[in-house]
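Database features (TrEMBL):
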- 107, 123, 222, 223, 224, 225, 294, 309: ATP binding site (BINDING)
- 142, 309: Mn(2+) binding site (BINDING)
- 188-396: domain 'FAM20 C-terminal' (DOMAIN)
- 289: active site (ACT_SITE)
């Protein structure tokens, strides 16, 4: 064999060797990542049951200090939270020292300060568990139980981007009125034998109060994020117009995602993938009302999209609003870790896991069975949507590796 032929042959062999090595390394790395996803899923399942009890591991710290230390740019709480039950117990039982009207918004809520100075947002019960909210997918009052269910779904999906939420019963006459501000107190009334209030908000009306059962009102409390983490509000790129006859661009432009990818903060960093995760989350819970979202201030797109205000969810189990998934089916990308987690939750696992996670909540049962069944059905629709994307573009384009090491030191 001539020297030139030998050189060419060696070059070919070298190229084959390099590509084989790269392929094997990539597959090994992918396999290792998938195995870690599987282990993380098993850890989540083993920690699903959260018994609400006052015992703290760190007895020199209050539950509020512990929860505040959990918050980092990419998580509200860590994967390993042995004191989650104690924090949630405090949220559902600590004495209320002040009650005021809720922060500005469209829906009725109250801002409570609990013993130790911790702020929480209280959302009152407006509907029975089996009530069906008809009309637009964002119709109706806020659903307090939806906040509870959404928080536990956030745990199950492994996002850990939703503030802590727990159900609570409050006595409006003995716990709220004695510590209420004049502004809140002025909205109290009696309807029949029930104590009611209508608060202050864009849609709050004296003719539409929230009423307790006698003096006892069921609701949810959401833990206020630490003041050292100020929030920045952003318009959701797939937000609705909320105006009849006027469509948002994403509703008629199939190439809309290409334009989004060219604008900050979606042109780099994790934000667009967070939008996709949020679309998956919102589709599962039936939330078509995320017209804005929050991140931590001055983050330049690096911090998480925080899953706040999930109460316009679980309104109608028979309604699967596919447009919620527009970021997913228009961009056709999704995190590998999210894809893996969704596949692990097939075959009834999601319904079972959520039911287990919510079983210790003070207002359990949190959801009716039709809503739990709807979750499993919607999960199949998400998986089918991703498969359509992979069939069209290939898994190497659709499934994006984006894992970050998160520090809670």
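Glycine is treated like the rest: Cβ placed from N, Cα and C.
As the structure is a computational prediction, the values presented were derived from the model and not from experiment.
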**Message:** Using CB atoms and a 10 A radius, I'd like the single residue among the binding-site residues 223, 225 with the highest neighbour count.
**Reply:** 223
**Integer Å distance between the CA atoms belonging to residue 289 (active site) and residue 225 (ATP binding site)** = 21
**Asked** What's the CA to CA span in angstrom from residue 123 (ATP binding site) over to residue 142 (Mn(2+) binding site)?
**Response** 8
**Prompt:** Could you give the Cα-Cα distance between residue 142 (Mn(2+) binding site) and residue 309 (ATP binding site), in whole Å?
**Reply:** 9
**Request:** Give, as a single whole number between 0 and 100, the mean pLDDT over the domain 'FAM20 C-terminal' (188-396).
**Result:** 96
**Asked** Which number gives the other C-beta atoms within 10 angstroms of the C-beta of residue 142 (Mn(2+) binding site), all protein chains shown included?
**Response** 26
**Prompt:** Which residue, out of the binding-site residues 107, 222, shows the minimum number of other Cβ atoms inside 10 Å of its Cβ in this structure?
**Reply:** 107
**Message:** Validating a neighbour-count step here. Other CB atoms within 10 A of the CB of residue 294 (ATP binding site): how many?
**Reply:** 18
**Item:** Span of the ATP site, taken as the largest CA to CA distance across 107, 123, 222, 223, 224, 225, 294, 309 (Å, rounded to a whole number)
**Value:** 20
